[in-house]
Every structure is written in C-alpha cells, then in structure tokens.
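Enquirer: Feature annotation from TrEMBL assigns transmembrane segment to D:28-48, D:103-122, D:128-148, D:160-180, D:200-222, D:234-254, D:266-287, D:294-315, D:321-343, D:364-385, D:397-417, D:438-457 (among others). Residues or ranges marked as domain 'NADH:quinone oxidoreductase/Mrp antiporter transmembrane' by TrEMBL: D:123-407.
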C-alpha cells in the first residue's frame, strides 16, 4: 500500500493546518461571545490534531495518533469544565461577553 | 515548492483533499462569522466532520471514529446545550468595536504570514514518502500501543476525565448550594 | 649641636609660650603683666638671635637643625627643620628686635583695651609664626609660617571684631593672601617634582648640579612663587588688602604691615635667589611689577587723608621698590632696603599711632595740625624717619633707595625713571603728612585740643630707638664699603651684586635722587605750609584727585570682576543647578512612578486585550526564533 | 585575638544599650564605644608588633561566601577613625534629650558596627552586606530624631535611602559578575582576576555609581545637603565623619584594584569630576543661609578633592586621600558639633540670625576658629598634611589639576571666614550665648588636639597606611 501523502503532499496539510489554526486565533480575537471563543479554541486544537495525524502518516508511526487521542481526552475535559464555568458566569453576570470579565485587573 | 494541485491531472485523492480542505476552512470561517451561536455550532459540526474526513483520507479510521464521537457527538452537544441553556441569540451578541475587529484581522494576517513565512523559510526536506507497508494505525495496533507503552498516561487521562466530570458537576451545582 | 638645637627651640618657642600663657591665663594676670610676659617672650627670642648672630659672624657657618620627619611624599621627604644662616639671622634680628620694641610700645598703647591679653597673645603668635617662616629649613616650614602670619594678620586686623567693616578687611587680607599662597604651593609642587626636594640647601645643590634644566618649567615655578610673594608683600595685583588692613590697631600696622610680614615675599625670593637667577623672564616681570606698584601706590598715597592710609600706600610703594631691586637680581640691595624700611616705617607707624593715641582715635589728617609743640618727641622722631624715607642724604633711606635706583639705572632706564618718580612722590606725600599733622594750627575739636599730650615713655622710647636706627641704619651698607654685602655673600651664586664703582655717573645719579627728594619736600612745603592748603573734604574731591583718592577704583573693579561673578555664580548654582539636579533625581523617581502608573492601566483585566498581547507576543517570539537568523 | 572582637563589642553594645532603658542608654553606649576604642588600640599594637589580626572563616559554601575580615594598615586606620569618632559623637550628644534614647543610642552603635564591618570586610558579599547595613540605622536616626518639618524630612531621608540603595545595587551586580568569573567573593581571588578592558569599564562604572552617590561626587550629591540639614546633628556627624569615608575607602579598596585598566584609561575624567566637585561645592557654599547646609557643601568640596586624589593612582594621591579622610572626619565632626552647640543656645541654624558670639564666649570662638582654620587646611593642622599631599599628587598628573583643586584654598577660606564672621563676630545681638559646658568643651578639645597633633606629626598614620597602600598599588599596576 503506497503512502497517501505521495498524492497530496505534506505541505498541503501543513498549509491547511496553519490556516485553520490562524482562523482559530482570529475567532478568539474577533468575537466576544465566550462560547464562540471556545469554539475557536476547538478549531485550533483540531488544526493541531490534524497535523499530528498527517505527520503520523508521514513517519508511518502510531505515536502521533496516540497523542491526538490524548489531546481529544484533554479537549473533552476542557470543554466540559469550561462550559460549566461559562454557565456559572452566565448565572452570575447574565452575560457571557468576555468584555465583562475584568476581574483579572491588577 | 508549494505543491499546486494540477486540477487537470488531479487524482481522485487530490480532489477529495481539496474538497475537504475547502469545506474545513469555509465552515471554520462561517463558525466565526455567524451571528447566531446556534449557526456557529452547526458550522463547527460540519467542520469537525470534514476533519474526520481528512482522518479517513489519511487512513486513520479509529481516530476518525473517535473524533466524530467525541467532537461532533459529545462536545458539540455540550455546546448546543449550553447555548440553549443560556438562550443566546443574535441580539445578545454585541459586535466588538471596529478597531478591535480591525486589530483581529491584522493579527490574523500577521500570524498567518509569520507561520507560512517560517515554513517557507525552513526549506523542508520532503523526500519520497516512504511506506514501510507495516500496519501501524489499525485499531489493534493502536490498542496495543496505548495499553502497553502509554499505559500510565492512558490511566491519567481517565483520571483527568473523572476530575473534569466532578469539577463540572461542582461548578454547575455551586449556585444552588449557595441559594 | 645639641645646644644649638635647644637654643633654636627656645628662639622659636618662647613667643609661643608667651602666646599660650596669654591665651590661658592672660585675663587673670592683668593687663600690665600679660603685656610684660608678651614682651619678655619676644625679648628672649631677640637675645637668642643675637647669640646666634654673633656665632655666625664669627664662624660664617650656617646651622642646620632637623627635628623630625613631617610629611612624607613618594619622592620628597619633608622634615620639620631649621636653617640658621646669614639671611635668616639677619631677618630674625629685626623681626625680634623691632618686634620687642613694638611689644613694649603696645603695653602702653593698648592699655585701655579690655582684650589686651588677647592682643598680646596674637602678637606673640605672630612673632612665633614669623620666626618659623624665617627659620624654616625648607619651603614647607616656611609655608607654615607664611600661612600662620596670614592668620595672625587676620586676627589682628579684625581685633576690634565688633565692627563688621574691620572683619571684612581682615577677611579680605586673608583671602588675598591665600590667592598668593596657592601660587606659592604650585611653585613648590613644581620645584618638588623637578628636584625631589624642598629643602633650601639640597635644592641649591640640586639646581647647581642639574645637567639639563627644564628652564621653562623652572620659570613657571618661579612665576608661581612670585605670585605668592605678591600676595604677602602686597604687589599688584594683590595689594589692595594692605591699605584696608590699617583697620587693625596701629602697633599691628607697624609690626605686621610695615616691618615684618610684608617683607616675607622678599625674604622668600631672596631665599630662592638661585631659582630666580635661572629665570630671567620672571625677573623682568618682577622688576616691572615692582616698578609699577611703587608708582601706582605712590600716586594713590598723594591724596589720602587718613594718616595710616598714607603710610600704608607708602609701604606698598616701598615694597615695590624692593621688588624692583629683586627683579634685577640685586638681592642684597633689596635686603638692605627691607632693613632700613623696617626701621623708618616702624617708626612712622608708631609715631602715627602716638598721634592717634593723643587724639583719641582720630586718623583724619584734615582734623590734625599743630601737634609739634604738644608732641615734640613724636614730631622729631617722625621727622627723622620722614627724611630717611624721602632719601635725604646720610639718613638710612638715602643709601638703600639710592642703591636700588642705581641698580635700576644700570639695567633698565624706564624703570629707573618710574622708581625716581615714585621716590619724588614719596618725599612729597611724607612731608604733606608731616606738615598737615604737626604744623600750623590744630583743626580738631576743642575737647581734643584740651587733651593733647605727649605719649608716655613706653611709647616714646621705642620711637626714639627706631629714629636712631632710621638715621644711622645706613652704615651697614655704605657705598663702596658694604658690610652687608660681605655678610650676605655666601648666599648668592652670583658675585654679590656688581660692585658699583662710584664713578661720575653714580654721583650724578645720587645728586639727581637727592634733588628729586628735596623737590618733593619743597612742593609739599609750598603747598601745605606756605599756601596753607588743607585737603578738601570727601565730597569736594574731583577729577584726577578723585580717581586717586578712590584708589583707581581697583577695589570696585575687583568687586565687579571677581567677587560679584563668583557670588552670582553661587546664587545661580544654588538656585538653579542645585534645584535642577535635585529635580532630576526626583524626576527619575517620578518617571518610574509614572511608568508604573501607566503600566497599571495595561493591566485592565480585559481578556481581549490580553489575548491580543499574547498573539502579538507569540508573533514576535516566533519570528525572532525562526526568522531572525 | 582578632578584629572580630571589635565588631562583637559594638554589636553587644547596641543590644545592651537597647536593653538598659532610656535613662542609662547614653552612658552604656559611651562605655561600649570606649571599650571598642580601647580594644582597637590594643589590636593596633598587636598589628604593629607583626601579629596578624585578620580572620577568615567559611560562612556559606554554596555560593562561596566567607566571613573574612582583613585588617591591614589601611583598614586599621579607618577602623580607628570610626571607633575614635563614635565615642566623641556619643559624648557630644549628652547635651541633648532624645525621646526613646535607648533606640537612638543603640542605632548609633549599630551603625558603628556596620561601618567597622565595611572597613574590615575582605569578602565581596560580606562587604556588601555591611555596606547596606550601615544605611538602615542612619535612615531611622534621620527619620525619627531629625529636625524640621516631618513631611519634608521624610521626603529628604527617603530620597537619600532610595538613592544610595539604587546606586549600591549596581555594585551588587558587579560583584555577582565578578563571582561568576572568580568563583569566590574573597578579595584576594577577585584581585587575581584578569578582566578585559571592556569588562573592567563596566565594573568600574557600576562601582562608581555606588560610590559616587555615597561619597558624594557631583552630580550625585543632591541628597547630601538636605539630609545633613534634616538629620539630627549626631546623624550628620556619623554621615559626614565616617559614612562618606566608606565610599572613599571603598574606591581604594575595591574599585581601583578590581578595574585598574578602566581607572587608568579614564583617570582624567574622574579626577576632573572630583575637582569640579571642589569648585562647585565651594561656590555653592558661599551663599548658603543654613549653617549645616554650608558645612554640607564644604564637605562636598573636600571629599571632591579626596576623590580626585584617589583617582590619581599614585602613592601620594592615595596616601594624601587617606590622611585627608581622617582629618576631614575629625574636623567635620567638630564643625557640626559646633553648629549644634550654637543651635542649643540660639535655637536656629540660620546664619543671619547669629553673630556676637565672640563677645559672650571667647573660648568657644577660639575653638570654632581653630576648626574653621583646620577646615581650610592651615599648615600645622592635620588637614594641611592631607591636602598638601593630595594637591601634590594632582600636580604630578597635571599642574592645572593642582591649580583648579587648589582653588579650594581660596574659596574655602572665603566661605568659611565669611561664615565665621557672621556667626561669631560682630556686636552682641539680642540672644544670649551661655559659655560652653565642660562636656561640650571636652569633645571639641579632643578633636582639636587630634587635628593639631597629627598636623605636626602625621608619621604614625603615614607609617600605618603606607605598606597596605603600596600593596594595593601593586595590584593596580600588576598588568
């Protein structure tokens, strides 16, 4: 079985992931809705995951996929906790706009 | 060095890749630009599916399946539930001031350029993509690796999930306890 | 040798002991006793000096005494030591001799002053420092005395310290002297670094033996030393303190500002004649400065109305003549004039003191007159001294002044003319003083007239002695047969003066000088005796006389040129630079504070902003790591 | 027996003073300071007999810091200055009543302890610790017992504290850098380093900042006049008499041997700075209205000359500087004490409100005059010996340095005599000036005696310091 990357080229995956990652960053900066910010973070995570898998294929090695597996677990945990926090913030402040979250002030 | 797909002589795989990539990027953008969080969530689901398609394309079936289950299934449901719980709609989302948006676009372009420039500058040695022919990503193999080499992290992942669950429950319940 | 050391210590320390006794016990001892102790202390020194003087005239050998190491500097070691040679003993003779007389005089003169014991302690201290100055075996010991006499001069000028004007005069004297002292110090530094010694004897041998002398540097040293001498001996441009110094009691003026301290500059130059001989340019400068000083001071003296001021300017003028002689390398001539000048000027000052005493403090000649009958002894002694200073033949001043003018004639005709004019003026203003003070009718108040009396014996006795000396003092150096020149010969490297052959030229010059002197006296006689002129009161003085009366406005000029700018600078520094620097330091603190304050605003707590910063930082770091290379 | 004994005595003294309570505090402090003086004299005798009284103990192994006290002639001279001035300073304060006297006197002894430590320390970090330790007591002394408006005082003192501390931090950086190179803080190890010219320059500048502020050399002097004015006289005496000498001593002990190349390269600049301080200080002093401020600026002028002397890098310059340090220490303590004596009677430091003291107290006037004259370096006072030597060394570098530095002779006489005239002379004014008490007299007489004795016979001190200065010069000239 030939390597699928022979037909696509690893660079294209890299470009795709970079663009995806940047879109994630863009979303974080662009939106104030905390939920969308979360989604953007997920996009970034996925961009990285995709790159892992691409390189896993490139190296013909399962390590990358294992890592993606763990990262998914962490992402799941993160989203669960993060959303719970958002919910409680929403209950307290009545809004989830990150502009309202200014308690980090020194 | 940037490999421009030659559409005239494109293989099926290449066409599929381009198609999937287009969907991924487009839906990612739509996720961000949608006014309505529900729409965002829907677009994100599509985005995740397309990424799962990439996984399949790379022959990582197990991951593709896990990805769909975890992301499209669990995480997105969580998102949707939260959105509905908060009853968010377009009106509640106030757009950021223009300067912020401009800044966001500028930094988006900047980081894109920087990352791509790095990649171009690094002159990667991409030789022939060798294929050992060995099976390295079937469920069987992955399972062996996970439960042998990565036994301890695997267990920690489960502990992490457990802790996350307890934390989530506590966080959500705290309000009620105070009342 | 042991004996010599002890005796030398007695010589130096006797006045110091007198000082200590008067300082600590003076008040309880009473005025007369403290005066006697003070006088006795100086007399002891005088006796010891005579002893040494006899010894040295017999043996002709200088006595060098080293007490202990004083200051140690890498290449020169400075001892506290004494050198008793012909020059220092000669100086000591008239310092202690005239000093004794003036102490004696002061017992009576200062008797009414509540701080008499203090006066005597200062006088003793002065004599102590003066002896140290003269007797020191190296320049630094000289410097102790040099500054010490300056200090005593300060204390004595400001003796009546309740009057701040007197204090100003004292301060001025000290500071002017210090300007000279700086010159002296620099001169010492240069000599020290050139020859690694400041000891006179070794310095002399070192200079004699030096192969390649750096003459320009040596000249610089000589010039600096001369600046020192200028300060102490009141030469242009540092002479203005001396007339002001007349604020002190009259015995002080006689002792310090006429006979002894002001001659220290001449002493120093004579002492270091071997240095000055090698710097002909500096010698020329000395001669010119001396000549100009003598003329300028004499012109100012023409119109002064304060009896002591006249004498003060006369002193400056005479010192100028001495420097004129020094400038021509005629050291023994200068020394001769120092000695005769000490006699007649001390006598004149003491005489004026006697007059002032008799008039209860009146110093303005316009309010005197006709004192001849009331104070005959004072009159006669002062007349003798005036004749001496005017250069009337066969008085001491005639010989010494004549020698100076002769020397000047042989070297530089222009300076000879200047010196001669100064001499004529001297004769004029001295007799102006005599006529105004002692002749005609008394112009003071009735009350003063009522109290007019001759001073008592303690005052007149020194006057008579000094008058005698002023008359016959010239015998020590008669033209053609000079005891002084022979006595001083070992000191000088050159053949002691060029023995002037008493040819026709010399006799003509002598005649001219005598005629000049007589002319001056004659003018004074016509103006103030025949025509009965009295100097105008202050506001009526006009024209050139006003300029002269105001001393060419030199004091004012110095105020404008030096004092005022320094004060303005001080004010500027204090008000602007200081506050500016202070503000700068505070400013640094404020900038830090402000930065913190502004930085605080960045920490707004807005997550959006943080994210921006994060992304930009990421860009920066990533591009630095990957793109910078 | 070694020098740590003196440190121990002073430290115990500080604690004992604090514990005995307000009434006895001054006496106990005097006792301990005299004990330290006696001990120092005994130790000096041991030293002169050839015994070593130094001490080196390992202290912290990682990083390598030792408790090293090195007593060579120079350090002993400064030690003697400190322990001789401390009892005088304490004794001179007997005429004043202080609130919380136990704290006050304990702080004085503690400061003496820290300063002694600074002079003796032979380990960079130990030295640095003592150096900073000395700052703490003076801060409190000036802040709590000072005079004038408390808000202004706080401002001046805090400025002083931060300013000197900020300067010292650069020195700490330099020490850390040196430690990286040498692997030890011991002074001998640091002396052995061979640093490049560039490194030396930076180290020199770092030290310079610390010392220039402490000494102070213009334009880093702005803290001085204000603190002198605001601090209680005892604090001023400690500052001007001893603490300034810490900076000057450190220049000789640390800065020059550690960065000799830089010192040689930029010698003229630093000498010029010192001399600029002389002229500037003198000129500013001319127009001061406050007696203590005037003395502060005169002090600025004098230390400027001393600093110029040290930077000549000649044996004369160093020796003259050390002699002048000691002489200046005594004379400035005397002058400030005289100012305090006047303040006790007139309740003012404003020169224009004084005058007429000579009529009322000739004794005090004489003593004050002697101090003034010593301050303007009249020959036969100790100051002359130092000033002459320093000026001589300057003339060896460049005659113009000596000429400009020598203006202190003229300007110094000008402002000091002007001050003397307005403070002491003149007719009686409305205020009465009681004659000096015996206690005050003793302090002044002791100081005057020291000044005049060493003015004629400075040989003991010269002999004490010369060998160690030569050793330091050898280190400087090793390359």
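Note: Cβ is positioned from N, Cα and C throughout, glycine not excepted.
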Enquirer: Mind checking which residues of the chain, 6+ beyond the ends of the transmembrane segment (D:103-122), have their Cβ under 8 Å from one of its Cβ atoms?
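Expert: For the transmembrane segment (D:103-122), the far contacts come to 3, 6-7, 10-11, 13-15, 17-18, 25-26, 28-29, 32-33, 36, 54, 56, 68-71, 75, 78-79, 82-83, 86, 89-90, 129-131, 133-134, 136-138, 140-141, 144-145, 186-188, 234, 238, 242-243, 246, 249-250.
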Enquirer: Are the transmembrane segment (D:294-315) and the transmembrane segment (D:438-457) close enough to be called in contact, which here means at least 3 C-beta pairs under 8 A that are separated by 6 or more residues?
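Expert: Between the transmembrane segment (D:294-315) and the transmembrane segment (D:438-457), contact is absent.
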Enquirer: Any chance the transmembrane segment (D:321-343) and the transmembrane segment (D:128-148) have 3 or more Cβ pairs under 8 A, given the pairs are 6 or more apart in sequence?
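Expert: Result for the transmembrane segment (D:321-343) with the transmembrane segment (D:128-148) is no.
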Enquirer: Within this structure, do the transmembrane segment (D:234-254) and the transmembrane segment (D:364-385) have 3 or more Cβ pairs under 8 angstroms, counting pairs 6 or more apart in sequence?
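Expert: With fewer than 3 qualifying Cβ pairs, these stretches do not touch.
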Enquirer: Please work out which recorded stretch in D:128-148, D:200-222, D:397-417, D:438-457 has the most C-beta pairs separated by under 8 angstroms from the transmembrane segment (D:266-287)?
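Expert: Checked against D:128-148, D:200-222, D:397-417, D:438-457; highest Cβ contact count belongs to D:397-417.
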Enquirer: Can you work out whether the transmembrane segment (D:128-148) touches the transmembrane segment (D:234-254), with the criterion being 3+ CB pairs under 8 Å where the paired residues are 6 or more apart along the chain?
Expert: yes
